[in-house]
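Chemist: The structure's right below; bear with me while I get my questions together.
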Amino acid sequence: MSSAAIGQGVPLDGRGAHLIITVKEDARPLVRSPARVSLDLTDTIKLSQARRGDRGVIVQVGGHCHHKEHEVELERRLLELGFVEGAEVELLHEGLFGRDPIALKVDDMRVALRRREAASLIIRRVAA
Amino acid sequence: MDMALKTARVALVGNPNSGKTALFNALTGAHQKVANYAGVTVERKEGLIRAASGRTMSVLDLPGTYSLRARSPDEEVTRDAVLGRLAGETPPDVVVCVADATNLRLVLRLILELRAVGRPMVLALNMYDIAQRQGLRIDLETLSAELGVPIITTVATRKRGIEDLIAAVEAKVEAAAVEGENRWSSPDSAALRHAAREAERIMKACVRPPERPDTLTGKIDSVLLHPVAGMAILFVLLFVMFQAVFSWAAPLMDGIEGAIGWIGGLVAALIPDQGGGGLIQSLIVDGIISGVGSVLVFLPQILILFLFIIALEDFGYMARAAFLMDKIMGGAGLHGRAFIPLLSSFACAIPGIMAARVIDSRRDRLTTILVAPLMTCSARIPVYTLIIAAFIPSRTVWGVVNLQGLVMFGLYAAGIVSALIVSLLIRKVFWRGAVEPFMMELPTYRLPDPKSVAFNLWLRAKIFINRAGRIILPLVILLWVLATFPYPPENATLPAIDYSFAGMIGRALEPIFAPIGFNWQMVIALIPGMAAREVAVAALGTTYAIADAENATGLLASTLSAQWSLATALSFLAWYIFAPQCVATLGVVKRETNSTKWTWIMIGYMFGLAYLASFVTYHVAVALGGG
């Protein structure tokens, strides 16, 4: 991760987190495996639990279970569609039945997703 | 000077909704050819560029993708074409990456991937006028240096920047000696993250956010994606669409029918009907002209339907329709995108099945194709109206509802409900409950360009006539042979068809159809009725010896109501909800699925359902006193 990105306040993605930890080593307990652990879990929710109007920053893409092929594939597809750690998301619209699917603003584009897939994304909520 | 002699090959690659096809049209004009890639049902669009220098280059419009890591047959074609792995295709000399200048983030990541392939590349920053209007500043020099590719700004819809783009491509062709090594391999999630970060860095370095960002899309969405208002608008839109398909098309269809009749008459007059001439006349007039005509007559409906679909797609609404319908479609195990193909199938299953190409996942696409013919296509309407007019009294029930209208509605509903149930069963039986993810970009709304809509419509018409013609022609000839030979004896008392192969097959099949209440005349009529569903009306006329049954439906209806019981009539209606009485559809399914197995599965399940439904209908009706 480039220092520019850290400076821009785009923290807390899996691998980038490693860099941040080394900087703040004394302030926080060291996390041994930087790949899959999000650090600050305060006010983080699964994107699938978000409601209309919620905003946040993606802190983790993909589940912990990396044995199942479809989970790995889902993670890659989400990444390709712009759901990457550090991206800003806002829930714009919800479907009529069961509030599903959801329409999101991801950085500067709009994406539709089912809540089922949104469960693979963890966001840290930001006040609107 | 080999390069000057060889036609250089250019491939267009880009994200969906980047205006790639508009750029392709601007580059090639009308010089394009639409076909399929060898072995897969992915549309292959190729065109010719004539550069100012006199050089001609061939351009391939590859399916839109976010990544070379393909997830659908379409994207596999893009990957293999770029990598030069595609069977029967030479690798492109130059890759033109088409980007929506207002939506660069994802395409930057794609460019990084393309760069690893090592082919000479040019970046076309399309929709540049919109970017400028938004006050979006792109530092082209830095961006070009960062990516290591020349950048040309274009406005495909206004044909701006096209000359420059061609010149840049030519320059690459001439310098073609330097071709990098292919370092591309399917990226894993770590590589994707890394590339996304790199794209983000380039974005920050070269692009200043718009001063006047597009707020219109958000405003339109707050209405069109509103859970209640959005649904209501969708249904109003569908209502208008169906009104248009059925009412606007009617005069045109009458015109085509008239023209086909006129041509048939003309040919009949030209060919003497004595001796061998009579046979040729019958083959051309009764076989080919009326057989192909019975399918061509649906062209106006199909074009009106496609006019709506293309315009709404270009506007950006179709992704919203998929969003709104996803939960309902998902309940039946279908993808939100399946909505449009199934909708098209109300006019005719053929364009519906062809439209299923928009669905990424092979399974979802196959499911959609398998249930599309259950939608009540317009060819069923003549059959339904004939039987309803003959057997269902026109009286009012429950105070306001016309009974005939209610039965018609019931037939439509039966088609829809059965399609949903069947797709659910397909998912359970064949896919064991696997669910494909639903995720798609909701593109920015754009006013459709009338010229490009007209052009695409013309292309669709050409494809329909071409495909339908090629599939139907041999089949209608086969059906004509069955219905014509052998000739009736000299002293024949029954209609000629009774003595033909069709008659023999009909009589042989009669015992199978007896339990569902069909008599032999009906069974015989089903055989030529395989050409298209509405042909059954004319075929019934033939077996009941009523001339010109299609126009004299009153006479046919009264004959039928005298000859059939109510139970038989209802059973016949039930048969027509399900039976795949349309060889053209089956031919298109074979082509689109590229699988004999799935075609037979469709034939099997549809005839099975038809028999079951007719059996139940017949016996329930008899038990209730309708026998």
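Placement of Cβ uses the backbone N, Cα and C atoms for every residue, glycine included.
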Chemist: Looking at the ranges B:252-271, B:492-511, B:532-551, which is given as transmembrane segment in TrEMBL?
Modeler: B:252-271
Chemist: Among B:223-246, B:252-271, B:468-487, B:600-621, which stretch has the most Cβ pairs under 8 Å to the transmembrane segment (B:332-356)?
Modeler: B:223-246
Chemist: Which residues, given as numbers and ranges, are at least 6 beyond the ends of the transmembrane segment (B:252-271) yet have a Cβ under 8 Å from it?
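Modeler: Same-chain residues near the transmembrane segment (B:252-271) but 6 or more away: 277, 280-281, 284-285, 289-290, 293, 296-301.
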Chemist: Which stretch, B:283-312, B:404-426, B:564-588, B:600-621, tops the Cβ pairs under 8 Å count with the transmembrane segment (B:468-487)?
Modeler: B:283-312
Chemist: Restricting to the domain 'FeoB-type G' (B:7-175), report the mean pLDDT as a whole number.
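Modeler: Result for the domain 'FeoB-type G' (B:7-175): average pLDDT 89.
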